[in-house]
Amino acid sequence: MRPSGRTAQQVRPITITRHFTAHAEGSVLVEFGNTKVICTASVEENVPRWLKGKGKGWVTAEYGMLPRATHTRNNREAASGKQGGRTMEIQRLIARSLRAAVDLEALGEQMITVDCDVIQADGGTRTASITGASVALADAINHMIASGKLKKNPMKGHVAAVSVGIYKGEAICDLEYLEDSAADTDMNVVMMEDGKMIEVQGTAEVAPFSHQELLDMLALAQQGINDIIEKQKAALAE
């Protein structure tokens, strides 16, 4: 039995609130149970120096956590003068996931930066960030189309992510903190809405996992991501 009483394949209650902040071209509060992340997408009419003159745009991301997003306070990374390795890994993952969903040539020489700020963490912050960032990105692109900065939509489709793992000998989907901290195996999966995978990150935290367990986790991830993408579509239709 899972701590929350959920079935193995059941994701947490998901809420996606659009237009959450006033100034960004796209902004979302995404909630996966008690994990809450603000995702804002900002448009700039320039690209990194190495892309200038190439007729392509760029999508990048930054990630951070409020000091008391977790059970005990963490110092702000700015206080130490550098980002931690975990932070850099996660923001690169978010950026790669979003770029896979965008035709960068169709974006033109414009850049979209998506900031993901975790205000409360209960497991799955990177997967919630990707899910919310995709909606914020879609809103920013729609804003660009409406303002004449784009003639066509460069998004190839929705992208979403979910965690899966082996907990008490069973493959489960969308781990909360109590499960994540006690899991034998932890895996994050990022997929497009057509079912193609963007990234699979899996680690045997306690015990190695079998080929069959890998297949079980991937099947749960696909089912969970399908459910999450329906939530994204419903939010964007409002």
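The backbone N, Cα and C atoms fix where each Cβ goes, glycine too.
Listed in sequence order, T35, V37, M65, I90, V118 are the same-chain residues at least 6 apart in sequence whose CB falls under 8 Å from the CB of T125 (phosphate binding site). Taken from Swiss-Prot, the feature phosphate binding site covers R86, G124, T125, R126, and the record attributes it to sequence analysis.
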Q: With phosphate as the bound species and R86, G124, T125, R126 as its recorded binding residues, calculate the greatest Cα-Cα distance and give it in Å as a whole number.
A: 13
Q: Using all protein chains shown, find which of the binding-site residues R86, R126 scores highest when you count other CB atoms within 10 A of its CB.
A: R126
Q | Neighbouring C-beta atoms (10 Å sphere around the C-beta of G124 (phosphate binding site)) | A | 25
